[in-house]
Amino acid sequence: MDITPALTEMELDHKPTCETVPGLPQKKHYRQRAHSNPHSDHDIEYPLTPNHMDWTKYYGDYTKGRQVDFADIGCGYGGLLMRLSPKYPDNLMIGMEIRVKVSDYVNEKIQALRKHHAEAGHYRNVAVLRSNAMKYMPNYFHKGQLSKMFFLFPDPHFKNKKHKWRIITPTLLSEYAYVLREGGIIYTITDVKDLHEWMVKHLSEHPLFERLTEEEMKKDPIVEMLFESTEEGQKVTRNDGGKWPAIFRRLPNPAL
């Protein structure tokens, strides 16, 4: 059977996280509603400032000489993180997830993968924390700390009165611009055309972001991972749905 290099690479990407790894949690025990109200009181602990954040609780001594610089916002069951981790072993990456059971699942999965690959030291660069990124992003990250931020299949909040709850808004984009370094990248993808247009509109109108061209997107190896790495993306594929990516670059601050 003829197998293309792209397919072989995809199989290799998924091999380390397959169900044959001992101790992997079963997703059926960690099911929770697809989205959570970001404005509810979730009793979440968070650091007073980034200086109060102890990342060694998540990465151990792997933090030596490193800072977290990839952030997957609303990481779900961690599919993208598991794809990114072995490809970018020198980058610390964090998944931020508001749902308790889902973040517990991702943590258990990471611990199982670390144990299984202990000799090689794989997956030490990935972690998850339960938090509300819409409220506490600046509490975790210093100015210009992040190089990449991911927003994959976020809650569309269809009703007009709930659009203010969307993860991409003018106010939130200013916070993202604060923690994202110049030249850093925001990756978005959704299966909801209206939400795609909303995100593109607000990112395009913000003075600190510019959209990547089609040619630039083709050269970025991460872009292809956005489509199928997550459970939500795979579900959209099974249902023959459309997917719309939009990638933006953080521009330099304007001269004073």
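Heads up, residue numbers simply count up from 1 along the chain you see.
Keep in mind that glycine also has a Cβ here, set from the backbone N, Cα and C atoms.
Among the candidates Leu152, Leu208, Leu251, Leu256, the residue that Swiss-Prot names alongside Gly74, Glu97, Ile98, Asn132, Ala133, Thr230, Glu231, Glu232 for the S-adenosyl-L-methionine site is Leu152. The two recorded residues, Thr230 (S-adenosyl-L-methionine binding site) and Asp155 (active site), have Cα atoms 14 Å apart. Ala133 (S-adenosyl-L-methionine binding site) and Asp155 (active site) have their C-alpha atoms 13 Å apart, to the nearest angstrom. On the backbone, the CA of Glu232 (S-adenosyl-L-methionine binding site) and the CA of Asp155 (active site) stand 11 Å apart. Over all protein chains present, the Cβ of Ile98 (S-adenosyl-L-methionine binding site) has 22 other Cβ atoms lying within 10 Å. With a cut-off of 8 Å between CB atoms and residues at least 6 apart in sequence, the same chain places Met96, Glu97, Ile98, Ala133, Phe151, Leu152, Pro154, Asp155, Ile167 near Gly74 (S-adenosyl-L-methionine binding site), listed in sequence order.
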